[in-house]
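The next block holds one structure in the form of structure tokens; read it before the comments.
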Amino acid sequence: NNSMAKALKLNNGTEMPIVGLGTWQSPKDEVQRAVRVALDTGYRHIDTAYNYQNEDAIGEVLDEYLKAGKVKRSDIYIVTKLPGIHMTPAKVRQSLEGSLKRLKVEYVDLYLIHSPMGMVHVSDDTPFPVDKDGNFMADNSTDLLGIWKEMEKLVDAKLTRSIGVSNHNSEQIDRICKMARIKPVTNQVECHLYYPNADLAAFCKKRGVTITAYAPIGSPGRPAFLYVLDFYFLNSRRYHIEL
């Protein structure tokens, strides 16, 4: 289906297929079936993240299809994201290199900062650490601008073709754009008929940053997930996210 490959030109001249397969909350066996069906159907945009804990499963399918010649690497648009537990300048490149190894590719097409707030690094197997009282362990020393400088170096190193953000509000995007050598190409945020996020979309458009919509036709697990993350997202006085 060629319509799946229709693309939007980003501010750095690269193109991103408009329709993508989201893989949040998709366990490994399920996500492999989904990626196979998506690629066979004509999808060329696959979105994952370290936090989804399924990059390795997706990588196995990508490797299978690339080696079999069913698709070319240049035809697939792969997106993954920097997790909160790696939100320090020293961990940025290391984190992407780990994702590349799991995805079995030499580069991704788009690497996003998953959230403007870091979390305390307890272990690489604990993307959402909690303390003894069950509270999420946010890292309020997060240096967002320092992290962005390291994201730019990933483009220089050809480990990703583009960089962007996710779940960032207008103030955070403005701070990045004012100092950026390489601007964010997109802000991936919740956007659908019941929550069009129009003000943020208009703000991003003025700065040449596209909006990538997640949950555009529904997200059954999202309400419960947000309820659990209320403390993390809404009670941080330093880094407020528009939801």
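Each residue, glycine too, has its Cβ placed from N, Cα and C.
Look at TrEMBL and you will find Y52 tagged as active site, proton donor. Every protein chain considered, the tally of other Cβ atoms within 10 Å of the Cβ of Y52 (active site, proton donor) stands at 22.
TrEMBL lists H114 with the feature substrate binding site. Its Cβ taken as reference, H114 (substrate binding site) is surrounded by 23 other Cβ atoms within 10 Å in the chains shown.
For the domain 'NADP-dependent oxidoreductase' (20-219), the model's pLDDT averages out at 96. Residues or ranges marked as domain 'NADP-dependent oxidoreductase' by TrEMBL: 20-219.
For K81 (site 'Lowers pKa of active site Tyr'), the same-chain residues that are 6 or more apart in sequence and have a Cβ closer than 8 Å to its Cβ are T48, A49, Y50, N51, Y111, L112, I113, H114, S166. Under the heading site 'Lowers pKa of active site Tyr', TrEMBL lists K81.
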